[in-house]
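First comes the structure, then the notes that go with it.
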Amino acid sequence: MANHYFLRGLLLGGFTIYIVYLVKSDHLQYYIAPRMMIYVKFAALALFLLAVYFIYEALQHRFGWREAEEECECGHEPSRSRWRNIILYGLFAAPLLFGFVLPDKIMGSDIVAVKGINLSGSANAMKKSPVAVTTATDRQPVSSSNSASVINTQPTTDTAAMPPTNSKSQPSAEESETAKLKKLFPYDEYTEDFARLGIAMYPSELIHVRPEGFLEVSTMLSMYMDNFLGKKIDISGFVYREPDMKSDQFSISRLVMNCCSADASPYGILVKSPQTNYKKDTWIHLVGVIGKTNYGGNTILEITAKQATVIEAPKDPYVYPYPFDKDIVQLAE
């Protein structure tokens, strides 16, 4: 029995040491989202206490420190089968051994090839809009009080048939621009936040896609891509290529993690670039122009690269969903 207690204490102590190693080397974020790290650290403390307990029990049985107790025949003695015990403890020892032996590696193209890339897709929300949108070169400046651009629109059949109204009954410029923006960014109860983010980013001629809010901004651009055609964009990520992409195409990608690396999902935006010598998993910072193209039978967002710089992989390679307790419009700042 002492041997079993000793093995249990050894395994639990090993897991404790491994977690401490990941924390000290800043590699824990390769496997666990930041909001979950506190629980892992508390788990390491609990494992350490259990390891101490089992080692103490092993020493008691080995050196006879425990006083003789009456057998109640209600205990759960370990199996006497050697092979069964080897298999049982091996299930815990194997992942611990792999953790120490194998190098900590940032997931990239290999996991994308397995899970598949989620490219920024067609703007379904725009199908609801009756207003004809224009590219960035056709936009007109607006007053700073409205934080939105007035665009040239083509009147629909109904509006063209309407008789002219007296100037006193016409809405103010602010109300008119607000109404146009609502038509440009239609939404329902599930997409209201994305519409608000789109309205906040609409006046900017350069769209910044930062690690914080990567998923939300790229999703918003996908939903309302026609509103941002011709605008500049800067974004960072790793290079990934699908077999059916053209020679001048690749995806600038990030892995979005919710809780741990097991649920990491690859997201990216298609890039058209004259530079085709980027190897997979190369991290780049890209500045380009927003456009759209047809890929796999779908209309998706495409960036025409104007400037690309190779960068080092970030300390934390993953991006995370924007916190629910924060206003998504802050991403436009």
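Glycine is no exception: its Cβ is also placed from the backbone N, Cα and C atoms.
Automatic prediction, not curation, is the source of TrEMBL annotations.
Copied over from TrEMBL:
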COMPBIAS  134-173  compositional bias 'Polar residues'
DOMAIN    7-118  domain 'DUF1980'
DOMAIN    188-321  domain 'DUF1980'
REGION    134-177  region 'Disordered'
TRANSMEM  6-24  transmembrane segment
TRANSMEM  36-56  transmembrane segment
TRANSMEM  86-102  transmembrane segment
**Request:** With DSSP as the yardstick, break the domain 'DUF1980' (7-118) down into helix, strand and coil residue counts.
**Result:** 78 helix, 2 strand, 32 coil
**Prompt:** Within the domain 'DUF1980' (188-321), how many residues are helix, strand or coil going by DSSP?
**Reply:** 27 helix, 58 strand, 49 coil
